[in-house]
Structures are given as structure tokens and as C-alpha cells.
Amino acid sequence: MLNKMTLHPQQIMIGPRFNRALFDPLLVVLLALQLLVVAGLVRAQTCPSVCSCSNQFSKVICVRKNLREVPDGISTNTRLLNLHENQIQIIKVNSFKHLRHLEILQLSRNHIRTIEIGAFNGLANLNTLELFDNRLTTIPNGAFVYLSKLKELWLRNNPIESIPSYAFNRIPSLRRLDLGELKRLSYISEGAFEGLSNLRYLNLAMCNLREIPNLTPLIKLDELDLSGNHLSAIRPGSFQGLMHLQKLWMIQSQIQVIERNAFDNLQSLVEINLAHNNLTLLPHDLFTPLHHLERIHLHHNPWNCNCDILWLSWWIRDMAPSNTACCARCNTPPNLKGRYIGELDQNYFTCYAPVIVEPPADLNVTEGMAAELKCRASTSLTSVSWITPNGTVMTHGAYKVRIAVLSDGTLNFTNVTVQDTGMYTCMVSNSVGNTTASATLNVTAATTTPFSYFSTVTVETMEPSQDEARTTDNNVGPTPVIDWETTNVTTSLTPQSTRSTEKTFTIPVTDINSGIPGIDEVMKTTKIIIGCFVAITLMAAVMLVIFYKMRKQHHRQNHHAPTRTVEIINVDDEITGDTPMESHLPMPAIEHEHLNHYNSYKSPFNHTTTVNTINSIHSSVHEPLLIRMNSKDNVQETQI
């Protein structure tokens, strides 16, 4: 029976179509793909055993499970993963790589000390990242790469000690940033918040801040919490750039002084909370530039109710007539303690107008220069404004292109023009009235002569009379008095004598200012001098090399002369004798015996005397002059 059931391999290869289709390669591939899809679906629908899953595995809760690392088996469909209150210390690279749909990741209240670079790879859709109540000591900037959709980042209550520049520049999409309760924070860089141009909410509460950090890059910030810090004073410019800020909380920040114009940059502010501080007074008209301010909290401050607080009482009546709980009560003097500030009136006090202790002084300047008109009152609680010559009232924050009122009341001109000439009035105000002081600004037009290599000199000369012409034929004329004016290129030469008719003519001369060389001319001259020096040096070097080579060649020729024969031809004057062809010229006697064989001089027809070897020649005054030329073959000598 078994043999009948068994198929031979050949039967399988050549059997019916059914058997061939059973082993079709395409069918095998399709089956494999189905298995992979099923496996993926199984993984996508799995839930870690220690966690609870809901909403078709899109919500995974693993709270208080004593986990030391991110568990395996999390569904790829997960959109919310809560790992709150576990024992996780390190977030390793690619821990969430397969969770491409994850939107909210909660890692708060663990023991996280390290977040590796690339730990959040694959979380392209992550919207919220909670890391508060951990043990991070630095901002894990490198781990934020590729979180292009991150909107909220919670880092509250970590032992972070400093926030460096560009700490969050990798997540420009961020809208909410919670940095509260960084109790070990000691340093915030000037560029710490660079790149967060889309941030709407920033929490810096309880961070041991002693001054407000640079918040200028946060141009779209709506809400700012600075509560629980040590901000003893709020100064002008602290909120520069926060034109869209609507809510400002500075609760229990130990604020003692808010200087004049400190809030002028907060044009959109709707709510401000200054409760639980150490404020006693506020500068006059502090809230006047805040046209959108609706809610203010000033309670639990030791307010000193005197003349300087009257403006606040009037402002509260206008802005919040029914809200008596918002604005606190007087602490001093004793007779007013506990009284609501909004109920105060001028009848309670004896007040005086402000005093200007440093009035502005008249000023003479040249067009294009900077200028300042100072105006200082006896107290900083007053407000200062300026009235320009055309009647415009300028206050701090009402900036023009060139003119601005500084926080100390100074009227500053960055670049004066002739049109700025006129009288400026400083007006110092308090709750009682105003005090004014005026000063005149005189602006002199600057001479703007176009640059020229030539200028015109006007020379006035006199035509001498006939008598003067006879006596001054040999004289040049009256010596003119020359007056060079540095502010004007036109120079006038006036003669001392004015008895004759004047004639004026113009002579173009070289510009006076051209006598002083400019930097460009000096540099050009310096370059020419350096170039000449380098050229001379190179020429000298070349000449030295040529001279050395010629000398060496000449020296070599003297020591290694080529083989040659020298023939000396004597041309005698008329020599008398019987037979010139046979005559001999007697030679003087030679003292040395070994030279006796040179005893005669043969005629030109017999002048080839061959000398085989000569060891040495000794010459003296009494010896004949011998001319010797060395040769490898022949040496020819003669006696003269």
C-alpha cells in the first residue's frame, strides 16, 4: 500500500499539471510573502507581557513595572508609550526605531542619566517627549536629531547645570519647552534659545535665576513663567524682542525694584502676575504702554502707600474697578495699613511736583555727529518724556530711526541733521504734576566738498599807480597775507595795500589736503620701494653667480691649457754682411754651462730648433730672456 502511495521523482516531474503547480517557484514566493505579512501583523498586534495595551495596541502603558530598559514586543501601531516611574538609566541607540507611528513618549520619573545619540531614531512623528524628574546633567542635544515634528519637550526637575548655546537648535518645530525646577542650573548662555523661533511657551520657574536670560530669539513667545527665582530687579530691555508675549508670571521671585520702562517692549501683554514679591512702589505710568493689559496680580507685596502710588490707584480704578482681590493692600504707613490701593486718593497725602536735578544744557554740534540731551529727576519713580521742536511728544519705546529716549530719560541722537535744530523740552511727571526744562540744539551744516586733486585759489592783486610803477619796477609787488582755512578749500589772499583798483583772477593749484598723503598712496609707495629692493637683490645675485662661473672657467683654463706650438718670427732691420743667408747673430755668453748649446740664433730659414728636455731655467739680469711654451710634443724657445 505504501509503495502505491509513493510517487517516483520522475512522476512528479512529468506528472499532471496539479503536481507541477504544487512546486511552481512563483507560488513558493507568494507563500513566503504571505508568511512575512502574517508575521508582521502578529508583531504589530503584540503587547509586552508586563504592559497593558488598549485601543488596538495604539496605547501601551508600562507604568511602575521596575523596567531597566525599554521592553521588547511593542506594537508598531503604538501611538502612546508610557514608561513612567521605572528604573531605566540609559536610553540606547535605536531603542524606538520600529515605532514610526509613535506620537507621545513618556519617560518621566525614571533614573535616566544618559541618552545616546540616535536614541530616538525612527520617531519621525513624535509630538511630545517627557523627560522630567530624571537624572540628566546636560541637555541631550544630539539625541534630538530627526525629531522634525516634536512640539513639546519636558525637562523639568533634572540636575542640569548649564544650558549652552544652540542647545535646542535641532528641534526648531518646538512649541512648548518646560525647563522648570532646574535647581542646579548656574549658567544660561546668551545663545541658549537660538533657533526656537516657533516657541510659544517657556517655563523657567524655580531655576535659581538671578537675572532674566537673553530671550530675544523667542519672537513668537506667548507665555513666560519666571516664578520662584531670585530676580531682585527688573530692568529695561529684559524682555526685548517679546512683542507677542501675552502672559507673564513672576510669582514669588523676590523682586524688590521694577525700573522705569521695564515693560515697554511687551506691547501685547494681557496678563501679568507680580504677587508674592517684595515690591513697595512702582514707577509712574509703568503700565501705560501696555494697551492690551487686562489682568494684573499685585497682592502679597509690602506696598508703601504714599504720593508715588497714587497713579497706580487711579490706573486700577480705570482698568479693574470691581476686582479688589487682584491688587493688594497697603502695608505702610500704619494709618493706611490694610487699605485697598484702589481706594486711595490725593487727599490722603501732601504731594509735590517732581524736581529736575540735572536739566538739559544747550548743545552745539556738527551735522552727522551723535548727540545727547540729559534730563535727570530726583527720583526714578517719575516718568520722562521729551517735546521736540515740531511739538511731537517722545517717550521711551517710541523709537524713531535716529532719535530715542533712553531708559534714564536721556534724549539720544545717533546722527543729527540740520533739521534737528531747535528747542527740546524735557518733561518729568509724577502723580501731582509735571516739571519741564528746555535746551537748544544747534546743528551746523558740515562742508561737503567733493574730492578733487585741484582746488581753486582766489588771488586779489592791485594795479599800482604810475608813481608806484616807477619806484617798484624791480619789485614783485606787495606781499599778500595768506589765510589758509582748513574747513574750506577756497583760500583768500588779500594784499596789504588797497589804494589801487582791485582785480581778481583764479589760479588752479594743487589741493591743500593732498599735501598729506593718504593711506593708499603710502601703501603704493611702500610696495614700489619693496619691489625695487627685491629686483636689485635678484640682479645682484644673478651677477654674482655669473661672475663666479666665469672666474671658475678662467681658472680652469689656466691650469688645463690645450697643447699648442708657439712660433716666434724675428724681423731684423737691415743687417750688413756678405752672405745674409749664412750670417749668424752672435749671442751673449751664458754663465751657466748647461745652457751653452744655445749659443747662436739661426736665420728664419733655419728656425726650427727642437729641444727634447729642459728641467729648469734660471733667469737673471745677466742671462738672456727665454720664452717657453709647454707642449706635449714640441717646445720652441728663443733668446732675445
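Glycine is treated like the rest: Cβ placed from N, Cα and C.
Worth saying up front: this structure is predicted, and the values here are computed from it rather than measured.
Quick look at what Swiss-Prot annotates:
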type: SIGNAL; residues: 1-44; note: signal peptide
type: REPEAT; residues: 77-98; note: repeat 'LRR 1'
type: REPEAT; residues: 101-122; note: repeat 'LRR 2'
type: REPEAT; residues: 125-146; note: repeat 'LRR 3'
type: REPEAT; residues: 149-170; note: repeat 'LRR 4'
type: REPEAT; residues: 173-195; note: repeat 'LRR 5'
type: REPEAT; residues: 198-219; note: repeat 'LRR 6'
type: REPEAT; residues: 220-241; note: repeat 'LRR 7'
type: REPEAT; residues: 244-265; note: repeat 'LRR 8'
type: REPEAT; residues: 268-289; note: repeat 'LRR 9'
type: DOMAIN; residues: 301-353; note: domain 'LRRCT'
type: DOMAIN; residues: 354-442; note: domain 'Ig-like C2-type'
type: DISULFID; residues: C375-C426; note: disulfide bond
type: REGION; residues: 463-482; note: region 'Disordered'
type: TRANSMEM; residues: 528-548; note: transmembrane segment
**Request:** Using DSSP with the three-state reduction, classify C426 (disulfide bond) as helix, strand or coil.
**Result:** strand
**Request:** Would you count the other C-beta atoms found within 10 angstroms of the C-beta of C375 (disulfide bond) for me?
**Result:** 26
**Request:** Using a Cβ cut-off of under 8 Å, list the residues of the same chain at least 6 residues beyond the repeat 'LRR 6' (198-219) that approach it.
**Result:** 156, 172-186, 188, 190-192, 225-232, 234, 238-244, 249
**Asked** According to DSSP, which of helix, strand or coil covers C375 (disulfide bond)?
**Response** coil
**Asked** Other than its own, how many Cβ atoms are within 10 Å of the Cβ belonging to C426 (disulfide bond)?
**Response** 26
**Contact set, same chain, for the repeat 'LRR 4' (149-170): CB under 8 Å, 6 or more residues outside the stretch** = 108, 124-139, 141-142, 176-196, 203
